[in-house]
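Novice: Mind having a look at this structure? Questions to follow.
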Amino acid sequence: MKQQDLFIYNSLSKSKEKFTPIHEGAVGMYVCGPTVYSNVHLGNCRTFLSFDLVFRYLKHLGYKVRYVRNITDAGHLENDGESGDDPILKKARLEQLEPMEIVQKYTVDFHTIMAKFNALPPSIEPTATGHIYEQIHIVEKIIEEGFAYEKNGSVYFDVLKFNETNNYGKLSGRQIEDMVANTRELAAQSDKKNPQDFALWKKAEPQHIMRWPSPWSEGFPGWHLECTAMSTKYLGNHFDIHGGGMDLKFPHHECEIAQAEACNHTSPVNYWMHANMLTLNGKKMSKSTGNYILPNDMFTGENDVLSKPFSPTVTKFFMYQAHYRSILDFSSDALEASEKGFNKLMDAYRTFDEITTSEKSSIDVESWRKSCYEAMNDDFNSPILIATLFETVKFANALKEEKDTISEKDLALLKQTMSDFLFEVLGLQDNVSENSQDGEKLSAAVELLIQLRNQARANKDFAMSDKIRDELASKGIQLNDGKDGTTFTLN
Ligand code: AMP
Ligand code: ZN
(Lines of atoms letter the chains of each structure in order from A and count residues from 1; the text may use other names and numbers.)
(Lines give C-alpha, C1' and ligand atoms only; values in the text may rest on other atoms or scores of the structure.)
(Ligands and ions follow the chains in the order given, each with its own letter.)
Protein backbone atom coordinates (compact mmCIF):
# COMPACT_ATOMS: atom_id res chain seq x y z
CA MET A 1 0.00 0.00 0.00
CA LYS A 2 1.24 3.44 -0.90
CA GLN A 3 1.06 6.63 1.13
CA GLN A 4 -1.01 7.28 4.31
CA ASP A 5 -4.43 6.03 5.33
CA LEU A 6 -7.55 6.35 3.22
CA PHE A 7 -10.66 7.90 4.79
CA ILE A 8 -14.14 7.33 3.38
CA TYR A 9 -17.32 9.16 4.29
CA ASN A 10 -19.71 6.47 5.40
CA SER A 11 -23.36 7.44 4.81
CA LEU A 12 -24.38 4.97 7.50
CA SER A 13 -22.36 6.53 10.33
CA LYS A 14 -22.48 9.97 8.67
CA SER A 15 -18.78 10.44 9.31
CA LYS A 16 -15.42 9.95 7.67
CA GLU A 17 -13.94 6.63 8.70
CA LYS A 18 -10.53 5.12 8.15
CA PHE A 19 -10.84 2.48 5.47
CA THR A 20 -9.95 -1.02 6.64
CA PRO A 21 -10.87 -3.77 4.21
CA ILE A 22 -12.31 -7.03 5.51
CA HIS A 23 -9.58 -9.02 3.76
CA GLU A 24 -6.20 -7.34 3.78
CA GLY A 25 -5.19 -6.06 0.36
CA ALA A 26 -8.55 -6.81 -1.24
CA VAL A 27 -11.73 -4.77 -1.65
CA GLY A 28 -15.25 -5.89 -2.56
CA MET A 29 -17.34 -3.07 -3.99
CA TYR A 30 -20.92 -3.13 -5.29
CA VAL A 31 -22.52 -0.23 -7.15
CA CYS A 32 -26.13 -0.13 -8.34
CA GLY A 33 -26.12 -0.02 -12.13
CA PRO A 34 -28.57 1.48 -14.61
CA THR A 35 -32.11 0.42 -15.41
CA VAL A 36 -31.73 -0.16 -19.12
CA TYR A 37 -34.87 1.24 -20.74
CA SER A 38 -33.46 4.46 -22.18
CA ASN A 39 -30.17 6.18 -22.94
CA VAL A 40 -28.15 7.08 -19.86
CA HIS A 41 -28.12 10.83 -19.25
CA LEU A 42 -25.25 12.87 -17.88
CA GLY A 43 -26.65 12.65 -14.35
CA ASN A 44 -26.44 8.84 -14.42
CA CYS A 45 -22.95 9.16 -15.88
CA ARG A 46 -21.83 11.39 -13.02
CA THR A 47 -22.67 8.71 -10.47
CA PHE A 48 -20.92 5.98 -12.47
CA LEU A 49 -17.89 8.21 -13.00
CA SER A 50 -17.76 9.00 -9.28
CA PHE A 51 -17.41 5.28 -8.61
CA ASP A 52 -14.98 4.81 -11.50
CA LEU A 53 -12.74 7.22 -9.61
CA VAL A 54 -13.12 5.18 -6.41
CA PHE A 55 -12.36 1.95 -8.31
CA ARG A 56 -9.34 3.47 -10.03
CA TYR A 57 -7.90 4.98 -6.86
CA LEU A 58 -8.30 1.78 -4.85
CA LYS A 59 -6.52 -0.09 -7.64
CA HIS A 60 -3.84 2.59 -7.76
CA LEU A 61 -3.26 2.10 -4.03
CA GLY A 62 -2.54 -1.52 -4.82
CA TYR A 63 -5.77 -3.17 -3.68
CA LYS A 64 -7.14 -6.13 -5.57
CA VAL A 65 -10.64 -4.84 -6.19
CA ARG A 66 -13.65 -6.90 -7.17
CA TYR A 67 -16.07 -4.32 -8.51
CA VAL A 68 -19.60 -5.58 -9.14
CA ARG A 69 -22.06 -3.29 -10.93
CA ASN A 70 -25.38 -4.74 -11.99
CA ILE A 71 -27.67 -4.15 -14.93
CA THR A 72 -31.32 -3.77 -13.89
CA ASP A 73 -33.23 -5.48 -16.66
CA ALA A 74 -36.36 -6.47 -14.71
CA GLY A 75 -38.36 -5.57 -11.65
CA HIS A 76 -37.77 -1.81 -11.36
CA LEU A 77 -41.30 -0.41 -11.51
CA GLU A 78 -42.03 3.24 -12.09
CA ASN A 79 -42.85 4.41 -8.55
CA ASP A 80 -39.68 3.83 -6.55
CA GLY A 81 -39.68 0.31 -7.92
CA GLU A 82 -42.88 -0.54 -6.09
CA SER A 83 -45.82 0.04 -8.40
CA GLY A 84 -46.89 1.22 -11.83
CA ASP A 85 -45.59 0.02 -15.17
CA ASP A 86 -42.30 -1.68 -15.80
CA PRO A 87 -40.51 0.95 -17.93
CA ILE A 88 -38.72 -1.76 -19.96
CA LEU A 89 -42.03 -3.34 -20.93
CA LYS A 90 -43.55 0.06 -21.63
CA LYS A 91 -40.68 0.94 -23.96
CA ALA A 92 -40.88 -2.48 -25.64
CA ARG A 93 -44.55 -1.88 -26.44
CA LEU A 94 -43.79 1.63 -27.68
CA GLU A 95 -40.93 0.58 -29.95
CA GLN A 96 -42.60 -2.73 -30.89
CA LEU A 97 -39.58 -4.70 -29.73
CA GLU A 98 -39.00 -7.59 -27.40
CA PRO A 99 -38.21 -6.44 -23.83
CA MET A 100 -34.81 -8.10 -24.21
CA GLU A 101 -34.16 -6.06 -27.35
CA ILE A 102 -34.74 -2.92 -25.29
CA VAL A 103 -32.41 -4.25 -22.61
CA GLN A 104 -29.73 -5.06 -25.19
CA LYS A 105 -30.03 -1.73 -26.99
CA TYR A 106 -29.64 0.38 -23.87
CA THR A 107 -27.01 -1.84 -22.28
CA VAL A 108 -24.91 -1.35 -25.40
CA ASP A 109 -25.54 2.39 -25.25
CA PHE A 110 -24.46 2.46 -21.61
CA HIS A 111 -21.25 0.56 -22.37
CA THR A 112 -20.45 2.76 -25.36
CA ILE A 113 -20.89 5.93 -23.33
CA MET A 114 -18.84 4.61 -20.42
CA ALA A 115 -16.07 3.67 -22.87
CA LYS A 116 -16.13 7.19 -24.35
CA PHE A 117 -15.65 8.50 -20.83
CA ASN A 118 -12.77 6.06 -20.45
CA ALA A 119 -14.45 4.45 -17.43
CA LEU A 120 -13.13 1.00 -16.58
CA PRO A 121 -15.55 -1.89 -16.93
CA PRO A 122 -16.49 -3.50 -13.60
CA SER A 123 -15.07 -6.91 -12.69
CA ILE A 124 -18.54 -8.50 -12.85
CA GLU A 125 -21.67 -7.03 -14.44
CA PRO A 126 -24.54 -9.32 -13.45
CA THR A 127 -28.14 -8.90 -14.59
CA ALA A 128 -31.34 -9.20 -12.56
CA THR A 129 -32.87 -11.63 -15.08
CA GLY A 130 -29.79 -13.84 -14.83
CA HIS A 131 -30.27 -14.19 -11.06
CA ILE A 132 -33.94 -15.06 -10.63
CA TYR A 133 -33.10 -18.32 -8.88
CA GLU A 134 -30.91 -16.55 -6.30
CA GLN A 135 -33.62 -13.97 -5.69
CA ILE A 136 -36.32 -16.59 -5.14
CA HIS A 137 -34.00 -18.32 -2.70
CA ILE A 138 -33.58 -15.13 -0.67
CA VAL A 139 -37.37 -14.60 -0.54
CA GLU A 140 -37.76 -18.16 0.76
CA LYS A 141 -35.19 -17.51 3.48
CA ILE A 142 -36.77 -14.22 4.53
CA ILE A 143 -40.18 -15.96 4.78
CA GLU A 144 -38.55 -18.72 6.86
CA GLU A 145 -37.07 -16.11 9.18
CA GLY A 146 -40.56 -14.69 9.67
CA PHE A 147 -39.94 -11.31 8.06
CA ALA A 148 -42.07 -11.72 4.93
CA TYR A 149 -45.57 -12.88 4.07
CA GLU A 150 -47.36 -14.02 0.94
CA LYS A 151 -50.62 -12.50 -0.22
CA ASN A 152 -52.42 -13.32 -3.47
CA GLY A 153 -49.26 -14.62 -5.13
CA SER A 154 -47.08 -11.68 -4.12
CA VAL A 155 -44.61 -11.61 -1.22
CA TYR A 156 -44.02 -8.55 0.94
CA PHE A 157 -41.35 -7.67 3.46
CA ASP A 158 -42.85 -7.05 6.90
CA VAL A 159 -41.16 -3.78 7.82
CA LEU A 160 -42.80 -3.31 11.23
CA LYS A 161 -41.94 -6.85 12.32
CA PHE A 162 -38.35 -6.38 11.19
CA ASN A 163 -38.14 -3.08 13.02
CA GLU A 164 -38.97 -4.78 16.33
CA THR A 165 -35.55 -6.42 16.35
CA ASN A 166 -33.60 -4.36 13.81
CA ASN A 167 -33.45 -0.73 12.83
CA TYR A 168 -35.28 0.02 9.60
CA GLY A 169 -34.38 3.59 8.64
CA LYS A 170 -30.83 3.66 9.97
CA LEU A 171 -29.32 4.58 6.61
CA SER A 172 -31.82 7.19 5.47
CA GLY A 173 -32.56 8.50 8.96
CA ARG A 174 -36.29 8.17 8.29
CA GLN A 175 -38.78 7.32 11.00
CA ILE A 176 -41.12 4.39 10.39
CA GLU A 177 -44.18 6.61 11.00
CA ASP A 178 -43.05 9.04 8.32
CA MET A 179 -42.65 6.41 5.65
CA VAL A 180 -46.08 6.90 4.19
CA ALA A 181 -47.58 4.73 1.50
CA ASN A 182 -47.08 5.56 -2.10
CA THR A 183 -50.46 7.04 -2.92
CA ARG A 184 -50.15 6.12 -6.58
CA GLU A 185 -50.20 2.50 -5.64
CA LEU A 186 -53.62 1.06 -6.32
CA ALA A 187 -54.50 -2.63 -6.58
CA ALA A 188 -51.47 -4.10 -4.85
CA GLN A 189 -51.70 -1.64 -1.96
CA SER A 190 -54.47 -3.55 -0.26
CA ASP A 191 -52.35 -6.74 -0.18
CA LYS A 192 -49.83 -5.15 2.17
CA LYS A 193 -50.23 -5.44 5.92
CA ASN A 194 -48.70 -2.01 6.36
CA PRO A 195 -48.00 0.78 3.88
CA GLN A 196 -44.28 0.68 4.71
CA ASP A 197 -43.97 -2.91 3.49
CA PHE A 198 -42.26 -3.47 0.17
CA ALA A 199 -42.54 -6.18 -2.47
CA LEU A 200 -40.05 -9.02 -2.63
CA TRP A 201 -41.99 -10.89 -5.32
CA LYS A 202 -44.86 -9.67 -7.45
CA LYS A 203 -47.47 -11.75 -9.18
CA ALA A 204 -47.50 -10.74 -12.85
CA GLU A 205 -50.60 -9.15 -14.32
CA PRO A 206 -51.61 -10.80 -17.64
CA GLN A 207 -49.92 -8.07 -19.71
CA HIS A 208 -46.65 -8.34 -17.76
CA ILE A 209 -44.73 -10.64 -20.09
CA MET A 210 -41.41 -10.65 -18.21
CA ARG A 211 -42.34 -13.37 -15.74
CA TRP A 212 -40.83 -16.39 -14.06
CA PRO A 213 -42.27 -19.34 -12.14
CA SER A 214 -41.87 -19.23 -8.36
CA PRO A 215 -43.39 -21.00 -5.34
CA TRP A 216 -45.91 -18.13 -5.03
CA SER A 217 -46.95 -17.23 -8.58
CA GLU A 218 -45.70 -16.58 -12.07
CA GLY A 219 -44.21 -13.20 -11.48
CA PHE A 220 -41.11 -11.13 -11.09
CA PRO A 221 -38.78 -10.01 -8.28
CA GLY A 222 -39.08 -6.72 -6.42
CA TRP A 223 -36.43 -4.20 -7.50
CA HIS A 224 -34.49 -4.10 -4.22
CA LEU A 225 -34.02 -7.83 -4.18
CA GLU A 226 -31.68 -8.12 -7.16
CA CYS A 227 -28.96 -6.04 -5.52
CA THR A 228 -29.06 -8.10 -2.32
CA ALA A 229 -28.89 -11.30 -4.38
CA MET A 230 -26.07 -10.21 -6.68
CA SER A 231 -23.93 -8.34 -4.15
CA THR A 232 -23.91 -11.21 -1.66
CA LYS A 233 -23.47 -13.85 -4.36
CA TYR A 234 -20.28 -12.29 -5.68
CA LEU A 235 -18.93 -10.45 -2.63
CA GLY A 236 -20.18 -12.49 0.32
CA ASN A 237 -22.76 -11.71 3.01
CA HIS A 238 -20.55 -9.00 4.43
CA PHE A 239 -18.50 -6.85 2.09
CA ASP A 240 -16.56 -3.59 2.05
CA ILE A 241 -18.21 -0.87 -0.05
CA HIS A 242 -21.68 -0.33 -1.49
CA GLY A 243 -22.33 2.69 -3.65
CA GLY A 244 -25.01 4.39 -5.67
CA GLY A 245 -26.61 7.77 -6.28
CA MET A 246 -27.93 9.73 -3.29
CA ASP A 247 -31.50 9.19 -4.51
CA LEU A 248 -31.12 5.44 -3.96
CA LYS A 249 -30.59 5.77 -0.19
CA PHE A 250 -34.30 5.42 0.37
CA PRO A 251 -36.06 3.17 -0.28
CA HIS A 252 -33.63 1.09 -2.35
CA HIS A 253 -30.61 0.82 -0.05
CA GLU A 254 -32.66 0.84 3.14
CA CYS A 255 -34.55 -2.15 1.74
CA GLU A 256 -31.32 -3.85 0.70
CA ILE A 257 -30.02 -3.61 4.27
CA ALA A 258 -33.30 -4.99 5.66
CA GLN A 259 -33.36 -7.90 3.21
CA ALA A 260 -29.74 -8.84 3.87
CA GLU A 261 -30.08 -8.56 7.65
CA ALA A 262 -33.31 -10.57 7.66
CA CYS A 263 -31.74 -13.25 5.52
CA ASN A 264 -28.13 -13.45 6.74
CA HIS A 265 -28.27 -12.02 10.31
CA THR A 266 -25.46 -9.64 9.51
CA SER A 267 -25.19 -6.10 8.31
CA PRO A 268 -24.18 -6.44 4.64
CA VAL A 269 -21.87 -3.49 4.09
CA ASN A 270 -19.08 -1.73 5.99
CA TYR A 271 -18.97 1.53 4.01
CA TRP A 272 -22.02 2.98 2.28
CA MET A 273 -21.10 5.64 -0.26
CA HIS A 274 -23.56 7.96 -2.00
CA ALA A 275 -22.76 10.19 -4.93
CA ASN A 276 -24.58 13.47 -5.22
CA MET A 277 -26.75 14.66 -8.08
CA LEU A 278 -25.97 16.50 -11.27
CA THR A 279 -28.48 19.27 -11.77
CA LEU A 280 -29.53 21.26 -14.79
CA ASN A 281 -31.04 24.72 -14.23
CA GLY A 282 -30.90 23.95 -10.52
CA LYS A 283 -33.07 20.82 -10.83
CA LYS A 284 -32.00 17.19 -10.70
CA MET A 285 -31.26 15.72 -14.11
CA SER A 286 -33.89 13.09 -14.56
CA LYS A 287 -35.33 10.92 -17.28
CA SER A 288 -38.88 11.25 -16.05
CA THR A 289 -39.04 15.08 -16.01
CA GLY A 290 -37.19 15.49 -19.30
CA ASN A 291 -34.66 17.76 -17.56
CA TYR A 292 -31.52 16.12 -18.91
CA ILE A 293 -28.76 16.14 -21.52
CA LEU A 294 -27.56 13.00 -23.25
CA PRO A 295 -23.80 12.51 -23.37
CA ASN A 296 -23.68 12.26 -27.17
CA ASP A 297 -25.61 15.53 -27.54
CA MET A 298 -22.98 17.10 -25.33
CA PHE A 299 -20.08 15.70 -27.38
CA THR A 300 -21.60 16.86 -30.68
CA GLY A 301 -22.94 20.15 -29.32
CA GLU A 302 -26.47 19.29 -30.48
CA ASN A 303 -28.39 20.57 -27.46
CA ASP A 304 -30.17 23.76 -26.41
CA VAL A 305 -28.21 24.30 -23.23
CA LEU A 306 -24.54 24.52 -24.08
CA SER A 307 -22.75 27.00 -26.29
CA LYS A 308 -20.48 24.44 -27.94
CA PRO A 309 -19.52 20.76 -27.93
CA PHE A 310 -17.43 19.40 -25.07
CA SER A 311 -15.35 16.24 -25.26
CA PRO A 312 -15.91 13.33 -22.86
CA THR A 313 -12.63 14.04 -21.10
CA VAL A 314 -13.45 17.72 -20.52
CA THR A 315 -16.93 16.74 -19.30
CA LYS A 316 -15.37 14.31 -16.86
CA PHE A 317 -12.75 16.83 -15.74
CA PHE A 318 -15.59 19.28 -15.08
CA MET A 319 -17.41 16.68 -13.00
CA TYR A 320 -14.29 15.84 -10.99
CA GLN A 321 -13.74 19.52 -10.21
CA ALA A 322 -16.61 19.02 -7.76
CA HIS A 323 -16.44 16.53 -4.90
CA TYR A 324 -18.65 13.49 -5.45
CA ARG A 325 -20.75 14.35 -2.38
CA SER A 326 -21.54 17.89 -3.59
CA ILE A 327 -24.37 18.81 -5.91
CA LEU A 328 -23.04 19.96 -9.27
CA ASP A 329 -24.90 22.23 -11.66
CA PHE A 330 -24.32 22.11 -15.36
CA SER A 331 -23.62 25.29 -17.26
CA SER A 332 -21.79 26.41 -20.37
CA ASP A 333 -19.65 28.91 -18.48
CA ALA A 334 -18.46 26.35 -15.96
CA LEU A 335 -17.68 23.84 -18.71
CA GLU A 336 -15.77 26.39 -20.75
CA ALA A 337 -13.70 27.27 -17.69
CA SER A 338 -13.01 23.56 -17.14
CA GLU A 339 -11.96 23.12 -20.74
CA LYS A 340 -9.47 25.99 -20.47
CA GLY A 341 -8.14 24.59 -17.20
CA PHE A 342 -7.80 21.09 -18.62
CA ASN A 343 -5.88 22.35 -21.67
CA LYS A 344 -3.57 24.38 -19.43
CA LEU A 345 -2.86 21.33 -17.33
CA MET A 346 -2.12 19.18 -20.37
CA ASP A 347 0.17 21.86 -21.78
CA ALA A 348 2.04 21.97 -18.46
CA TYR A 349 2.33 18.18 -18.56
CA ARG A 350 3.88 18.33 -22.03
CA THR A 351 6.19 21.20 -21.03
CA PHE A 352 8.05 18.94 -18.61
CA ASP A 353 9.40 17.02 -21.61
CA GLU A 354 11.31 20.13 -22.66
CA ILE A 355 12.79 21.17 -19.32
CA THR A 356 16.55 21.00 -18.76
CA THR A 357 17.43 19.61 -15.38
CA SER A 358 19.91 20.91 -12.80
CA GLU A 359 21.99 19.50 -9.98
CA LYS A 360 19.50 20.59 -7.35
CA SER A 361 15.75 21.26 -7.15
CA SER A 362 14.25 24.45 -5.80
CA ILE A 363 10.80 22.86 -6.15
CA ASP A 364 9.66 20.49 -3.39
CA VAL A 365 8.25 17.71 -5.56
CA GLU A 366 7.97 15.20 -2.72
CA SER A 367 5.71 17.42 -0.64
CA TRP A 368 3.58 18.30 -3.69
CA ARG A 369 3.19 14.60 -4.45
CA LYS A 370 2.19 13.97 -0.84
CA SER A 371 -0.54 16.61 -1.17
CA CYS A 372 -1.97 14.74 -4.17
CA TYR A 373 -2.34 11.60 -2.06
CA GLU A 374 -3.66 13.56 0.92
CA ALA A 375 -6.46 14.97 -1.27
CA MET A 376 -7.55 11.56 -2.54
CA ASN A 377 -7.15 9.94 0.87
CA ASP A 378 -9.59 12.47 2.24
CA ASP A 379 -12.73 10.78 0.89
CA PHE A 380 -11.61 10.91 -2.77
CA ASN A 381 -11.41 14.70 -2.83
CA SER A 382 -10.88 15.18 -6.55
CA PRO A 383 -11.35 19.00 -6.59
CA ILE A 384 -8.48 19.37 -4.12
CA LEU A 385 -6.42 16.89 -6.14
CA ILE A 386 -7.05 18.88 -9.33
CA ALA A 387 -6.16 22.15 -7.54
CA THR A 388 -2.93 20.48 -6.42
CA LEU A 389 -2.23 19.29 -9.96
CA PHE A 390 -2.71 22.89 -11.13
CA GLU A 391 0.36 23.85 -9.09
CA THR A 392 2.37 22.19 -11.84
CA VAL A 393 1.32 24.99 -14.22
CA LYS A 394 3.23 27.38 -11.95
CA PHE A 395 6.14 24.93 -11.74
CA ALA A 396 6.26 24.67 -15.53
CA ASN A 397 6.28 28.42 -16.03
CA ALA A 398 8.93 29.04 -13.38
CA LEU A 399 11.14 26.29 -14.83
CA LYS A 400 10.73 27.59 -18.38
CA GLU A 401 11.68 31.08 -17.24
CA GLU A 402 14.54 29.54 -15.26
CA LYS A 403 13.27 31.07 -12.01
CA ASP A 404 13.28 27.58 -10.51
CA THR A 405 15.40 24.48 -10.95
CA ILE A 406 14.65 20.77 -10.86
CA SER A 407 16.87 17.70 -10.64
CA GLU A 408 16.56 14.81 -13.06
CA LYS A 409 15.21 12.55 -10.32
CA ASP A 410 12.59 15.09 -9.19
CA LEU A 411 11.53 15.78 -12.78
CA ALA A 412 10.97 12.07 -13.34
CA LEU A 413 8.96 11.86 -10.09
CA LEU A 414 6.91 14.91 -11.05
CA LYS A 415 6.07 13.52 -14.48
CA GLN A 416 5.27 10.07 -13.10
CA THR A 417 2.98 11.51 -10.41
CA MET A 418 1.17 13.72 -12.92
CA SER A 419 0.68 10.83 -15.26
CA ASP A 420 -0.47 8.55 -12.41
CA PHE A 421 -3.12 11.01 -11.24
CA LEU A 422 -4.22 12.45 -14.59
CA PHE A 423 -4.46 9.22 -16.56
CA GLU A 424 -4.57 6.30 -14.13
CA VAL A 425 -6.59 7.76 -11.24
CA LEU A 426 -8.76 10.42 -12.91
CA GLY A 427 -8.82 8.41 -16.13
CA LEU A 428 -8.49 11.52 -18.28
CA GLN A 429 -7.39 11.32 -21.88
CA ASP A 430 -4.91 13.67 -23.42
CA ASN A 431 -7.24 14.51 -26.27
CA VAL A 432 -5.51 16.95 -28.49
CA SER A 433 -6.20 20.43 -27.25
CA GLU A 434 -6.77 23.28 -29.65
CA ASN A 435 -3.67 25.14 -28.60
CA SER A 436 -1.25 22.24 -28.69
CA GLN A 437 0.94 21.57 -31.71
CA ASP A 438 -0.61 18.17 -32.37
CA GLY A 439 -4.03 19.78 -32.20
CA GLU A 440 -3.07 22.24 -34.90
CA LYS A 441 -1.80 19.45 -37.13
CA LEU A 442 -4.95 17.40 -36.58
CA SER A 443 -7.17 20.41 -37.26
CA ALA A 444 -5.34 21.09 -40.52
CA ALA A 445 -5.75 17.47 -41.65
CA VAL A 446 -9.44 17.33 -40.76
CA GLU A 447 -10.07 20.73 -42.39
CA LEU A 448 -8.56 19.33 -45.59
CA LEU A 449 -10.89 16.31 -45.40
CA ILE A 450 -13.86 18.64 -44.83
CA GLN A 451 -12.91 20.55 -47.99
CA LEU A 452 -12.60 17.28 -49.98
CA ARG A 453 -16.00 16.22 -48.63
CA ASN A 454 -17.51 19.54 -49.71
CA GLN A 455 -16.06 19.06 -53.19
CA ALA A 456 -17.44 15.51 -53.35
CA ARG A 457 -20.87 16.80 -52.34
CA ALA A 458 -20.69 19.55 -54.98
CA ASN A 459 -19.91 16.83 -57.56
CA LYS A 460 -22.83 14.79 -56.22
CA ASP A 461 -20.38 12.05 -55.24
CA PHE A 462 -22.33 11.20 -52.08
CA ALA A 463 -20.67 7.82 -51.71
CA MET A 464 -17.35 9.61 -51.22
CA SER A 465 -18.73 12.35 -48.94
CA ASP A 466 -20.43 9.77 -46.73
CA LYS A 467 -17.29 7.64 -46.69
CA ILE A 468 -15.23 10.58 -45.41
CA ARG A 469 -17.79 11.37 -42.69
CA ASP A 470 -18.27 7.74 -41.61
CA GLU A 471 -14.58 6.81 -41.62
CA LEU A 472 -13.78 9.87 -39.52
CA ALA A 473 -16.66 9.06 -37.16
CA SER A 474 -15.35 5.52 -36.74
CA LYS A 475 -12.03 7.05 -35.62
CA GLY A 476 -13.83 9.24 -33.09
CA ILE A 477 -13.82 12.41 -35.20
CA GLN A 478 -17.34 13.66 -35.64
CA LEU A 479 -18.24 16.15 -38.39
CA ASN A 480 -21.03 18.56 -37.51
CA ASP A 481 -22.78 20.35 -40.36
CA GLY A 482 -24.11 23.74 -39.29
CA LYS A 483 -25.32 26.85 -41.04
CA ASP A 484 -21.83 28.37 -40.91
CA GLY A 485 -20.16 25.33 -42.42
CA THR A 486 -18.79 22.11 -40.99
CA THR A 487 -16.95 21.81 -37.69
CA PHE A 488 -15.55 18.75 -35.97
CA THR A 489 -15.44 17.33 -32.48
CA LEU A 490 -13.42 14.54 -30.95
CA ASN A 491 -15.47 11.88 -29.20
P1 AMP B 1 -31.37 4.51 -12.79
O2 AMP B 1 -31.03 3.97 -14.15
O3 AMP B 1 -32.53 5.45 -12.79
O4 AMP B 1 -31.55 3.38 -11.77
O5 AMP B 1 -30.12 5.38 -12.31
C6 AMP B 1 -28.82 4.92 -12.38
C7 AMP B 1 -27.94 5.69 -11.42
O8 AMP B 1 -27.90 7.07 -11.77
C9 AMP B 1 -28.40 5.63 -9.96
O10 AMP B 1 -27.27 5.40 -9.13
C11 AMP B 1 -28.96 7.01 -9.71
O12 AMP B 1 -28.83 7.39 -8.36
C13 AMP B 1 -28.08 7.85 -10.60
N14 AMP B 1 -28.67 9.15 -10.98
C15 AMP B 1 -29.91 9.39 -11.48
N16 AMP B 1 -30.08 10.72 -11.71
C17 AMP B 1 -28.93 11.33 -11.36
C18 AMP B 1 -28.46 12.69 -11.35
N19 AMP B 1 -29.22 13.69 -11.78
N20 AMP B 1 -27.20 12.94 -10.91
C21 AMP B 1 -26.41 11.92 -10.48
N22 AMP B 1 -26.78 10.63 -10.46
C23 AMP B 1 -28.02 10.32 -10.88
ZN1 ZN C 1 -29.25 -1.56 -6.29
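Note that the numbers count up from 1, one per residue, in the order the chain is shown.
Positions of Cβ are set from backbone N, Cα and C atoms, glycine also.
Note: TrEMBL annotation is automatic and uncurated.
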Novice: Of the ranges 194-198, 284-288, 339-343, which one does TrEMBL list as motif ''KMSKS' region'?
Specialist: 284-288
Novice: Besides CYS32, HIS252, GLU256, which of CYS227, CYS372 does TrEMBL list for that Zn(2+) site?
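Specialist: Among CYS227, CYS372, only CYS227 appears alongside CYS32, HIS252, GLU256 as Zn(2+)-binding in TrEMBL.
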Novice: Looking at 12-22, 34-44, 144-154, 397-407, which one is motif ''HIGH' region' according to TrEMBL?
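Specialist: Of the candidate stretches, TrEMBL labels 34-44 as motif ''HIGH' region'.
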Novice: Let me spell it out: take the motif ''KMSKS' region' (284-288), skip the flanking residues so only those 6+ beyond its ends count, and list any with a Cβ under 8 Å from a Cβ in it.
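Specialist: For the motif ''KMSKS' region' (284-288), the nonlocal Cβ contacts are 38, 41-43, 247, 277-278, 330.
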Novice: Sequence-remote contacts (6 or more beyond its ends) of the motif ''HIGH' region' (34-44), Cβ cut-off under 8 Å?
Specialist: 71-73, 76, 87-88, 90-91, 102-103, 106-107, 109-110, 113, 245, 277-278, 284-287, 292-296, 298, 315, 330
Novice: Once near-sequence residues are set aside, which residues in the chain of CYS227 (Zn(2+) binding site), 6 or more away, have Cβ atoms under 8 Å from its Cβ?
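Specialist: CYS227 (Zn(2+) binding site) has long-range Cβ partners TYR30, CYS32, ASN70, HIS252, GLU256.
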Novice: Cβ within 8 Å of the Zn(2+) site centroid (CYS32, CYS227, HIS252, GLU256 excluded): which residues?
Specialist: TRP223, HIS224, GLU226, THR228, SER231, HIS242, GLY244, LEU248, HIS253, CYS255
Novice: Would you mind checking how many other C-beta atoms are within 10 angstroms of the C-beta on HIS252 (Zn(2+) binding site)?
Specialist: 21
